[in-house]
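A.B. asks: To start, I am sharing the structure in question, which I have written as structure tokens.
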Amino acid sequence: MDLEKLKDYQKHIRNFSIVAHVDHGKSTIADRILELTDTVSKRQLKNQMLDDMPLERQRGITIKMNSVQVKYHANDGEDYIFHLIDTPGHVDFSYEVSRSLAACEGAVLVVDASQGVQAQTLSNTYLALENDLEILPVLNKIDLPSADPDMAKSEIGDMLGLDASDAVEVSGKTGAGIPELLERIVTDISAPTGDLTKPLKALIFDSKYDDYRGVVMSVRIEEGTVKPGDEIMIMNTGKKYEVTEVGVSSPHPVKEDILIAGDVGYITANIKSVRETRVGDTITSAENPTAEALPGYRQIPPMVYSGMYPTDNRDYDDLKEALQKLQLNDASLEFEPETSQALGFGFRCGFLGLLHMDVVQERLEQEFDLDLIMTAPSVDYHAIMPTGEVKLIDNPADLPDAGEYKELQEPYVKAEIMVPNDFVGAVMQLCEGKRGEFQTMDYLDKYRVNVIYEMPLAEIIYDFFDQLKSSTKGYASLDYEIIGYKATNLVKIDILLNKEPIDALSFIAHREEARDRAVQMCSLLKKLIPRQNFQVDIQGAIGSKIISRATIKPYRKDVTWKIHTGDPDRRAKLLEKQKRGKKRMKSVGRVEVPQDAFMAVLRMNDDDINGK
């Protein structure tokens, strides 16, 4: 292909992401676009076409961003190439949204016409503006009886500062308005401007391992061109490879002769390990490298930590390998080996939130056939030592004794909660109960308020979201960001089973709530741990002080059933023998603790603690 033809082809490329609050219908709109442009035949089309991970289809959510090339014949008679990137809407996966926006020139901002602007709509709009993207507002679900397009348009104008007077009105369900949306993508989103004559510069935004082709890198070409046979270099490692195949996803892989600046596609180069291709790295030409790498992605620190252990210690190496494979295309997952007296060898893993943790656990169990025990999640604390050294504590069991550190700090977040006026009181009551500090309140319109609190991350990660939804009948939406660490009065609570501390059950709580939480934990464990042949004493302790206890009574085996009546000596002898046996069993017998018990801390909601 000559340069002029390639430049003309580039003018017809449109790269855009579909962003929205969770459940506003991004994936459904993506399905309709694929259907209308005949990218996928009606026979092959299924709901959530781009959500190709089984777990995504099972849960009905988008977890990983996905790109697809769509060919569109526009009303001006020209053929256009769309690269559509579908993104997650859940706050845990906002890093996936920021990654996908870096590969685009425009964003289709989907707003549910019946619900209007929600918390994630706001944060995704800010992400798009940070990336200097053209934003195209779209109102979805206009076929619903409760849809109010005028209300949604005025909210987009007032709250986001975008002109929504001519926002496209569509229905992802019926396909109404999708043709107009496709035309607006052509006219409103600009073509990529990368220089084709410069050295190759491409951003890796995802990578996965294929048994036949090695590592498949999903890339956005910023400058230059790449074709099979070219020698490329990954700038971060300096390693060089020969390109074996380039292509696009449509939505299944389609080989191409060349990828040019502006294209979103894939490259394979016989790379054996995904660790050599970190997400956010820059690919360039080995012979004529570009001067500087692309900015890549900021590393998102984990918000939540949890211990992950195989139920059978022989699976340790399999778990390590599985985590390494997952980490390759989930850059936000962190893990390091750890040992627990109760659970043996495992890993301390860092996640972006509880949904992310659930998803990783389910993927490991489904895709790698592993049986896992997860310990209760915790945040990372800062213990300030007398020397001034800051010790990071991501596992409550590692917290030094109270006298050994000067103060303990925990991460705080700024939480923005959008809520209808009627529920403001309930939201404020909930936040105050979670140690929240009120900051401000913005009235967005006659009906809705944005309530802003600063509160400990530890209070949000457990069941805050569920409680928020139930106290506002599902109308509230939440967005939060870490703002730093604050010193608070925290203590570590150890749980002892038969006087043995179980490190995996330790947790950190505010001193004022410590006793209530310890009592709650003991009574929960009493329900969850099955009865044994010996008595199990459950105790909660701060240091050496026991603050709560519960007892699981043993099974009583009737050892006297075969004695004839009237032989009290024989009876007493057998009961004494049973007692001795139980005593021995108690000293050697390990209490069997089920998985539910390790997650019990999640179920200690405040109503239970307050005895309601």
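Using N, Cα and C of the backbone, Cβ positions are placed for all residues, glycine too.
Residues or ranges marked as domain 'tr-type G' by Swiss-Prot: 11-193. Among the features that Swiss-Prot reports, GTP binding site is placed at Asp23, His24, Gly25, Lys26, Ser27, Thr28, Asn140, Lys141, Ile142, Asp143.
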A.B. asks: Including all protein chains displayed, how many Cβ atoms other than that of Asn140 (GTP binding site) lie within 10 Å of its Cβ?
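C.D. replies: I get 28 for this one.
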A.B. asks: What are the sequence-distant neighbours of Ile142 (GTP binding site), meaning same chain, six or more residues apart, C-beta distance under 8 angstroms?
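C.D. replies: The answer is Ala113, Pro149, Glu169, Val170, Ser171, Ala176, Gly177.
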A.B. asks: Under a three-state reduction of DSSP output, how is Ile142 (GTP binding site) classified: helix, strand, or coil?
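C.D. replies: For Ile142 (GTP binding site) - judged by DSSP and reduced to three states - the answer is coil.
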A.B. asks: Over all shown protein chains, what is the count of other CB atoms within 10 A of the CB belonging to Ser27 (GTP binding site)?
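C.D. replies: So the Cβ neighbour count for Ser27 (GTP binding site) comes to 25.
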A.B. asks: Going by DSSP, is Ser27 (GTP binding site) sitting in a helix, a strand, or coil?
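C.D. replies: DSSP call for Ser27 (GTP binding site): helix.
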A.B. asks: Which whole-number mean pLDDT does the model give the domain 'tr-type G' (11-193)?
C.D. replies: 74
